[in-house]
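Report on the structure given below.
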Amino acid sequence: MASASIPAYNSSPLENSSSQNASSESLKMEPLGDVTLLPGEERVIDKDIIYICPFNGALKGKVFITNFRLYFKSDGDHVVVLDIPLGAIGRVEKMGGASSRGENSYGLEITCKDMRNLRFALKQEGHSRRDIFEILFRYAFPLSHGLPMFAFLSQEKFDENGWHVYKPMEEYRRQGLPTDKWRISFVNEDYKLCDTYPTILVVPYKATDDDLQKVATFRSRCRIPVLSWIHKENQAVIVRCSQPLVGMSGKRNKDDERYLEMIREANATTKLTIYDARPNVNAVANKATGGGYEGDDAYQNAELVFLDIHNIHVMRESLKKLKDIVYPNVEEAHWLSSLESTHWLEHIKLVLSGAIQVADKVSSGNSVVVHCSDGWDRTAQLTSLAMLMLDSHYRTLRGFQVLLEKEWISFGHKFASRIGHGDKNHADQDRSPIFLQLIDCVWQMTKQFPTAFEFNERLLMVILDHLYSCRFGTFLYNCENARDINHMRIKTVSLWSLVNSDTATYINPFYTEESSRVLYPVASMRHLELWVTYYIRWNPRIQQQSPVEQRFRELLALRDQYLKKLQELQLSDSSPSAHLSNSSTPSAASPTQHITHLHTPF
């Protein structure tokens with residue numbers, strides 16, 4: 001049976017790490033196998049333990065816990081390795097009691113946020129699990145114990161500072177802003193207008209800062225309609241916001257109505273299309289809690305379209321069902337019906353379909369407003385995916401980083417609440433895989449347009465791994481305001497520092513640059529597929545890399561080898577043709593050349 005160790009293809013927390021001298025306490029412990037600790041990472045405990053591997057059975061070995069990771073290595077010839085950032089742990093529970101009967105019935109059960117569960121067994125005598133349980137619980141959930149997250153302890157250094165990737169003014173200038181119709185406003189520079197919005201906002205030129213203050217009183221969480229993206233040719237815009245505070249009595253706000261009219265007039269859109277991400281019934285239900293939607297009577301020059309994307313609770317339950325069918329075992333006999341019962345791909349389809357409608361409307365010259373309830377979950381999915389379809393810049397490696405920084409991090413997607421970084425409350429109803437869905441949708445697009453994206457699947461997996469790991473500050477906290485208060489840019493390292501210090505790892509070899517092409521993926525169940533290399537990657541029987549991409553990389557390497565040899569010959573002799581025929585030139589059929597054998601995945 002294949003080893004259950006993490007494949008090299010996956011984003012390991014060890015990637016690009018630098019060595020560090022162990023603390024004096026660590027020196028008392030056994031060597032940590034082949035692991036190099038990250039700068040700032042310290043050993044806490046190591047213990048003999050049994051890993052109940054779902055693929056290889058019970059394996060004796062040693063578990064090491066640092067302030068960043070849980071690392072297990074089995075004994076014997078057939079080595080199995082686990083290397084898990086503590087931030088990826090969602091739940092730690094005791095399994096069995098002192099009186100439990102049966103082999104390996106006493107130990108710990110660990111539920112991870114990255115689609116896997118782990119079971120460890122210990123000897124039953126002498127409370128043998130107490131120390132490891134308490135330490136694991138303490139370091140996996142530091143915020144619940146008054147401890148700092150690892151990102152604040154890390155001392156990693158990279159060639160590039162990833163915090164400089166996104167500069168709002170630069171990005172708006174790239175889009176051609178400001179114009180005679182749109183202006184830059186600093187009304188929120190101290191977060192007093194809206195504490196979950198960024199400090200720099202783009203608003204209609206006619207709207208005064210006083211107008212913005214009045215509109216804020218009528219929008220949930222004061223998240224007013226602001227520009228996200230403008231089409232350079234037709235000047236149509238994507239505007240994002242939260243729901244209007246209509247309530248059961250059907251309240252109106254003349255300032256809000258006039259403000260949306262300014263947005264419509266900015267490029268002479270006949271009807272301003274408002275895309276409400278929610279199902280109609282949910283939007284109506286939100287009236288009971290003071291929310292609601294834009295009614296035809298109040299917003300006469302607007303059309304309202306509901307996109308039927310379900311809320312965070314539905315998405316959380318869907319992912320739970322998906323996890324049940326992909327880990328630890330995939331049941332071949334009922335795979336399609338099991339996958340359908342999770343509704344996961346159905347939700348992906350609705351998100352993609354909504355984004356396609358937004359992109360198509362803007363591409364045809366009509367401005368749009370996008371919102372859900374509070375404008376930080378489904379809204380971010382729709383705006384960022386539509387922008388990815390419309391703007392090829394966001395399909396580059398750095399452009400994609402800017403897109404995530406802008407639409408998700410800067411505009412206040414609640415990463416801390418949705419992921420639960422460092423928090424022991426695994427049953428928190430605010431948790432939901434909204435950002436995971438976004439990355440899944442991006443992956444679906446890369447599959448349908450394999451030459452359109454400069455970055456590869458590995459980047460998407462690294463982003464998701466560090467969404468949970470707490471190794472970088474990029475996805476910590478709920479909004480820019482909270483990050484400023486906690487001095488994120490000074491005290492932590494950005495994920496983009498890692499990525500941009502090793503860009504070759506994340507480049508798609510099939511990429512062909514196209515500046516003006518709009519991508520319209522097919523959002524039908526027949527064209528969507530489960531992202532196997534992410535969701536089922538912990539199963540050792542699953543092929544981890546596309547054989548086509550792997551072979552293409554080999555051919556590129558061979559080409560580079562030929563070009564290098566050619567340059568050497570040209571330098572050594574002014575008449576290189578005399579040397580090109582000699583036997584020193586590497587041959588594609590050379591018996592000494594290493595050829596990787598490709599295996600078809602099951």
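Just so you know, glycine gets a Cβ as well, placed from its N, Cα and C.
Keep in mind that what you see is a predicted model, and the values were worked out from it rather than measured.
From the options 1-27, 109-135, 541-567, the stretch TrEMBL describes as region 'Disordered' is 1-27. Residue counts for the domain 'Tyrosine specific protein phosphatases' (342-388) under DSSP (helix as H, G, I; strand as E, B; rest coil) come to 32 helix, 4 strand, 11 coil. Surrounding the centroid of the Cβ atoms of N311, I312, C372, S373, D374, G375, W376, D377, R378, where the record places substrate, the chain contributes additional residues within 8 Å, namely S242, A277, T379, I434. The Cβ of W376 (substrate binding site) has T196, R223, S242, F411, G412, H413, K414 as same-chain neighbours under 8 Å, each 6 or more residues away in sequence.
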